[in-house]
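Among the features that TrEMBL reports, active site, proton acceptor is placed at E86. The active site, proton donor annotation in TrEMBL covers K186. Look at TrEMBL and you will find C219 tagged as active site, nucleophile. Per TrEMBL, the feature domain 'CN hydrolase' maps to 46-313. Feature annotation from TrEMBL assigns signal peptide to 1-24.
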Amino acid sequence: MAYTMVDLCWKLSVCFFCCQVVSGRVKRDGHYVAAVYEHESILSPNPTALVDRQSALELMGRNLDIYEQQVVAAARQGAQIIVFPEDGIHGFNFTRSSIYPYLDFVLHSHSVKWNPCREPYLFNDTEVLQRLSCMALKNKIFLVANLGTKQPCEHTDPHCPSDGRYQFNTNVAFNDDGMLVATYRKHNLYFEDAFDAPPEPDYKLFDTPFAGKFGMFTCFDILFFEPAVNLIRQYNLKQVVYPTAWMNQLPLLAAVEFQQAFATAFNINILAANIHHPTLGMTGSGIYTPVKSFIYHNMESYGGKLIVAEIPVITTDYKTNLESNERFRENLHHSCKTSTSASMGNQVCFKEEQETPGRVSEKGNEQLPPLFYAEMMYDNFTFVPVWGEEGELQVCANTLCCYLNYQRAVLTGELYALGVFDGLHTVHGTYYVQACALVKCGGLSFSTCGQEVTDATAVIDFQLWGNMSTPYIFPLLLTSGITLDFADHMGWKNKHYFISKNRTSSGLLTAALYGRWYEKD
Ligand SMILES: *[C@@H]1O[C@H](CO)[C@@H](O)[C@H](O)[C@H]1NC(C)=O
Ligand SMILES: *[C@@H]1O[C@H](CO)[C@@H](O)[C@H](O)[C@H]1NC(C)=O
Ligand SMILES: *[C@@H]1O[C@H](CO)[C@@H](O)[C@H](O)[C@H]1NC(C)=O
Ligand SMILES: *[C@@H]1O[C@H](CO)[C@@H](O)[C@H](O)[C@H]1NC(C)=O
Ligand SMILES: *[C@@H]1O[C@H](CO)[C@@H](O)[C@H](O)[C@H]1NC(C)=O
């Protein structure tokens, strides 16, 4: 769909020099071909029942058969790396004991160099690792997948669970020779009783000849400082692989919406693979660069989806990176630090002489629009309605004030509202959020603002800004049908973070600055 059209143009773009032919695909210099697979996993019909290892292997084998087909298909299209989703092989809803037969043994040690396909006899209970390793080796492709793993521990280890073993939600990365090059144990478990979190966060990365270092983390980790943000900062990473099993939550946390915002905020590429279970609200995978993406979000049909795309390697000495690193410096609020325009390398600073975001003028506001409260994603947002064809609005909560300058380009009867939240989110996880959000409401009454909406027809030109207290701002721009658009400008100016956009490609669902204030978690 949208992805296919963009991908097609991308492939057809003329390549004058420095081209390499990779498996029939013309690859441009400084680029690589990545693949992610959104997998509809074959689930155990009764995940809490105790089964033997053989039955567990049979079920996982059916998922691995699908993986193998996709690896072959991706390699045929020239992909150099493929990423599979969290829980894709074993499924979910297990208990600590019922998942045990599904666990492979993995030694979390840097010292052991092991190729499971070539040396299957080294460790017992490594059937899943062996199959994945052989897929990588046979197809000469880097492969990243997620599985459950076990590691026996001694009772002298103070963290050792009472049943004498750790059970981890683990990502594994194999190089194109089948060598196990990195293992990552999920740190921020999302109500997963079957698994233990590692005592200390893993900072895991692996090197590739085509794009340098890739970091990895899993699903819910993306919302936290440890290890995701710390990993990226410490190793100055520009590429991340991200297996996930993400339930979409509109208007601010749809999978593709947040994955894109993360890539844009950190100026990195993300290869994100989600599982596909529309009945559980799980879909949304993509290959993201800071300024362009190839996504899949489909709540209607069943089955998996392979995305293959050629993307540029982001290198550290590229001007964009030097500038955008400023974005997250401790020294937060400089004017005209960064702003991103539609194409990489085309950085535009907001003009200094431009009106300083600040107090909103009263002109045209004969009557100030009413404040109201509504629950959005379980948080008590303070809203003002966005009425009329154009205007300027302000709404504050705690220490955060949000401002909106807007002009409707396509007039419709839909209700929009500007909301602010500055507080600790406590439902389904505890984390501190500072958010300024322009959202389409579910209906025409105030109480519908904050509801999940998937379609919109209004096009609104806007500039949205807020005086956030955290440098970690994720710019969200979601349009009708869960499609993505990119801001014209964004960045810090006079202690405010701003985002602006004229003419979204379709109706506006959400434009937001989603700030994470990690210190206050
Ligand atoms: C898993 O659990 C969720 C809620 O906890 C439930 O909605 C879902 O149906 C379960 N899925 C399976 C495959 O058991
Ligand atoms: C694997 O298991 C078998 C049977 O339990 C045992 O004899 C063998 O020593 C084990 N091998 C390793 C490498 O642990
Ligand atoms: C939301 O916050 C406002 C202001 O603090 C408060 O008056 C209102 O009762 C809150 N609403 C809910 C549902 O908690
Ligand atoms: C944000 O702006 C409001 C209004 O000017 C002000 O009261 C508040 O203290 C500011 N917050 C911060 C963190 O500076
Ligand atoms: C965006 O639209 C506003 C009014 O809607 C206009 O003042 C501004 O010049 C436009 N900016 C760009 C970059 O087109």
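The backbone N, Cα and C atoms fix where each Cβ goes, glycine too.
TrEMBL annotations: computationally assigned, not manually curated.
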Report task. Indicate whether K186 (active site, proton donor) is helix, strand or coil by DSSP. Result -> coil
Requested in this report: Measuring Cα to Cα, tell me the gap between E86 (active site, proton acceptor) and the residue listed as 'active site, nucleophile' in whole angstrom.
Outcome: 7
Report summary line: Reading the DSSP string in three states, the entry for the residue listed as 'active site, proton acceptor' is coil
Query raised in the report: When the pLDDT values for the domain 'CN hydrolase' (46-313) are averaged, what is the result?
Result: 97
Report task. Enumerate in sequence order the active-site residues E86, K186, C219 whose Cβ-atom distance to ligand 5 is under 6 angstroms. Result -> none
Query - Distance from the residue listed as 'active site, nucleophile' back to K186 (active site, proton donor), taken between C-alpha atoms, in Å - result: 8
Requested in this report: Work out the three-state DSSP category of the residue listed as 'active site, nucleophile'.
Outcome: helix
**Report entry** Cβ-Cβ distance under 8 Å to C219 (active site, nucleophile), same chain, at least six residues away
**Finding:** E86, K186, N188, Y190, P243, T244, A245, W246
